[in-house]
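Report on the structure given below.
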Amino acid sequence: MQKPNIIIKISGASLQDKNSNDCYSYQRINSLADQLKSLAKKYNIGLIVGGGNIFRGKLAKDFGVEINKADYIGMLATVINSTLLESKLQSLGLKTKVLSALEVKGLTNEINPKSLAEVFSDCQIAFFSGGTGNSHFTTDTATVLRAIQINAQLVLIGKDGVDGVYTDDPKKNKKAKFIEQITYQQALNDQLRVMDLTAFSLAKDHNLKLLIFNIEAEQSIIKTIENKNKHTKITN
């Protein structure tokens, strides 16, 4: 029986300890790897990792990096994170590969129609790095794009310290109400910022099932899939 394809998007910040200046946390990466190893028994996993632990927009401004170039630095950061995580997963005996929208010879595989069609023929977990390969597009947009391209049945979006969608920013407004389930159209009507509009519109048009959850919570990916933790479900 063929395993279903899913996409998981996590931030680069989720790989580091907030109390440290290091780019990576051994404990967090181990926890993530253990969850992925368990999930790989039931699913073909497409993984998209942000690059914010290495490079962020504020750093670009501080150094005077032009926006287009800054976007490419950020995309390269996702390649670095994906390659590091791939090595960790391979050490656990998992079959993995890193695909990239930016060519990195000897390190990544090219993203093209053929590689996408055959992506899980020889691996359990595929990293989609390098964003869309173009500036001005977010990691959220890249996530939705890859989900469409591999016919993912489920898309999980891990947020830093936020366990789903609220009526307002819960960090600024204590009266903000948690939303357990919502349609794409309702979210658009209420102007809820779940992700950038390009990504959200793409997801709506292709009828993707989204689960928004707190990546920082213990065993959060597994618990979200098994409906055992707090998260928001978005569908048409």
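Cβ from N, Cα, C; glycine included.
The 10 Å shell around the Cβ of K9 (ATP binding site) contains 26 further Cβ atoms across the protein chains shown. DSSP assigns K9 (ATP binding site) to a strand segment in the three-state reduction. Per Swiss-Prot, the feature ATP binding site maps to K9, I10, S11, G12, G52, R56, Y166, D169; the stated evidence is sequence analysis.
For G51, D71, T132, G133, N134, S135, H136, F137, T138, T139, the entry in Swiss-Prot reads UMP binding site. Cβ environment of H136 (UMP binding site): I67, N68, D71 lie under 8 Å away, each six or more residues apart in the same chain.
Within its own chain, N134 (UMP binding site) has A101 as residues 6 or more apart in sequence whose C-beta sits under 8 angstroms from its own. Considering only the binding-site residues K9, Y166, D169, no residue lies within 10 A of G51 (UMP binding site) on a C-alpha to C-alpha basis. Cα of D169 (ATP binding site) to Cα of T138 (UMP binding site): a distance of 20 Å. Note: the CA-CA distance between G52 (ATP binding site) and T138 (UMP binding site) rounds to 12 Å.
Cα of K9 (ATP binding site) to Cα of T138 (UMP binding site): a distance of 12 Å.
Counting only residues at least six positions away in the same chain, the Cβ atoms of L32, L47, I48, V49, G50, G158, I215 sit under 8 Å from the Cβ of I10 (ATP binding site).
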